[in-house]
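In Swiss-Prot this protein carries:
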- CYS124-CYS130: disulfide bond (DISULFID)
- CYS188-CYS308: disulfide bond (DISULFID)
- CYS500-CYS503: disulfide bond (DISULFID)
- 448-585: domain 'Thioredoxin' (DOMAIN)
- 1-18: signal peptide (SIGNAL)
- 19-172: topological domain 'Periplasmic' (TOPO_DOM)
- 194-216: topological domain 'Cytoplasmic' (TOPO_DOM)
- 238-246: topological domain 'Periplasmic' (TOPO_DOM)
- 268-299: topological domain 'Cytoplasmic' (TOPO_DOM)
- 321-330: topological domain 'Periplasmic' (TOPO_DOM)
- 352-360: topological domain 'Cytoplasmic' (TOPO_DOM)
- 405-416: topological domain 'Cytoplasmic' (TOPO_DOM)
- 438-587: topological domain 'Periplasmic' (TOPO_DOM)
- 173-193: transmembrane segment (TRANSMEM)
- 217-237: transmembrane segment (TRANSMEM)
- 247-267: transmembrane segment (TRANSMEM)
- 300-320: transmembrane segment (TRANSMEM)
- 331-351: transmembrane segment (TRANSMEM)
- 361-381: transmembrane segment (TRANSMEM)
- 384-404: transmembrane segment (TRANSMEM)
- 417-437: transmembrane segment (TRANSMEM)
Amino acid sequence: MRVLILLLMLLLPGLSQAQPGDDLFAPRGATQTDFLPVEKAFRFTWERLDDGQVQLRWQIAPGYYLYQKRLRFDGLDPALQPQLPPGESHSDEFFGESQVYRQSLELTLPAAAAGQLRLGWQGCADAGLCYPPQSQALDLGGTGPAAAGTSGEVAEDQGLAGSLQAGNLAWSLLLFFGLGLLLAFAPCSLPMLPILAGLVVGSGAGPRRGLLLAGSYVLSMALVYAGLGVVAALLGGNLQAWLQQPWLLGSFAALFVFLALPMFGFFELQLPAALRDRLDGLSRGRKGGSLAGAAALGALSGLLVGPCMTAPLAGALLYIAQTGNALHGGLVLFSLGLGIGMPLLLLVTVGSRFLPKPGPWMNLVKGVFGFLFLGTAWILLRPLLGEALWIGLGGALLLVLAYAALHTARGLARHAVLFGAAGCIFGLWGAAMLLGAAAGADDPWRPLQVYAAANRGATPTASAHEAFLTVSQPAELDRQLAAAKAEGQWVLLDYYADWCVSCRIMEKQVFAKPDVLAALQGVRLLRLDVTADNAASRELLHRYQVPGPPSLIWIGPEGEERRARRLTGEVDAGGFLAHWQATRERG
């Protein structure tokens, strides 16, 4: 069996570089000029002065300029419109001869200005990039005309961000701890369970030591999760994309393969003798794994296999980005991380009490967790491999697991039937995955569906690909939105990335459904591809203040976003159809 496992693991380095069509370790979407994010190119601030007037100020970075004719003040009484100062003449490929502002722009609204105001502006860079139109809602207080597209309804992420602003810290921490408990059972959080269980069981730690190890893992995971969330929100960067770079995922997949080797008895993973003796002296007889090692593994889990983009996470990030209150937002994210880790901690520590006392069976358990480590590496490799290649690798892993289970069953007096049945199931499933991979399957749960689809003459995902127009540049998005507005069309913006597992699931289980495609007839479907971590992707994300994919945004026939109807995170077909019907009815 060791030979089979070794051969399987030797495939991983080559497969991790097998992404078709490009160099795996080449930076994606690299450009010759890296432009400033729009919020840094045009820094906007406003304040109400002592005399009641409202001062609006744009600080414009060198090499950038704002268009005079692109300034908008929606919701402001025409009699209160500000007097625009003269600009400098400028001619470019985007708007021809125009008046533009450089360095700074200050405007003053009279004291009578009140209510909801939506500002709009647009600028470009001398180096050749034209940013998409920007907008910001201002609450000037008092009463006044409502800005277009506003209502009392808010999206889930907005509601959570609002609760953070309105509520006290203790309530916010409790709320997000509870949300974390729910997120612990999301599919993208489940890979953390075998990592933590393998750590505790593989160390042979007792109940108390196991609790300390699990606590160290969960605590460090929550700390890293909170820290990265705060950094991402304050810097406005696409941190998800950075953490999903091929070299990083490939490195950590190799690390989990390396961690699996000791579980199969290839070697014993331990510190150098001198350092080990010193630590043994300091620990004074404590048995079990290293707390520092558990903390390091927890940090890696927070980086790579933590929860995906969901409404609670988006709400916390939106709150930090809007208020700049990194301390409050960081504590909330830390509480969310603790909530995610709590069920894992209970399953590993409390569940371990029902296991028999240490003995020869531990070698069997270590082998099980070795396969779980290999499965984690397989999951990490998904964004790097084509779907068929990834499914084929999973099928090979299942066949090796089936052989191991059947081989183990022959040497057991008890539970032989259980292991034999498991081996047969794994073997059949692995064979099905290999057969499906040979035909180009893209769903590991239904690997043979590709043959049924071929008999019908089409694949389910082909219709989904054809229905959506992929957009990766802000200028193309502007053209599509303008065309939809001219035709009075609804628009669905689907933020997507190749490394986003939830995006792929929704592509197959939502947008490939005939009833979903039928319901979306007449809607302009745009897939905003933010796979690459470059200026264009950052602009697409910042356009609607989206923290990351998957996110679904509805644009009405008049060109305004229905912000309260935004969907963040994974949704099933039934939920999506109900949501779209309600959105269409409300207009």
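Each position is counted from 1, following the chain as shown.
Here the Cβ of each residue, glycine as well, is placed from N, Cα and C on the backbone.
Shown here: features listed in Swiss-Prot, placed on the structure.
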residue : record         : DSSP (3 states)
CYS124  : disulfide bond : strand
CYS130  : disulfide bond : strand
CYS500  : disulfide bond : coil
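For the disulfide-bonded residues shown (CYS130, CYS503), fewest C-beta neighbours within 10 angstroms: CYS130. In the predicted model, the topological domain 'Periplasmic' (321-330) shows an average pLDDT of 64.
Only sequence-distant pairs (6 or more apart) were considered; of these, fewer than three Cβ pairs between the transmembrane segment (247-267) and the transmembrane segment (417-437) are under 8 A, so the stretches are not in contact.
Here the C-alpha separation of CYS124 (disulfide bond) and CYS500 (disulfide bond) works out to 31 Å.
For CYS500 (disulfide bond) paired with CYS130 (disulfide bond), the C-alpha to C-alpha distance reads 28 Å. Note: the Cα of CYS130 (disulfide bond) and the Cα of CYS503 (disulfide bond) are spaced 29 Å from each other. Within the same chain, residues 1, 364, 367, 422-424, 426-427 sit at least 6 positions outside the topological domain 'Cytoplasmic' (405-416) and bring their C-beta atoms closer than 8 Å to a C-beta of that stretch.
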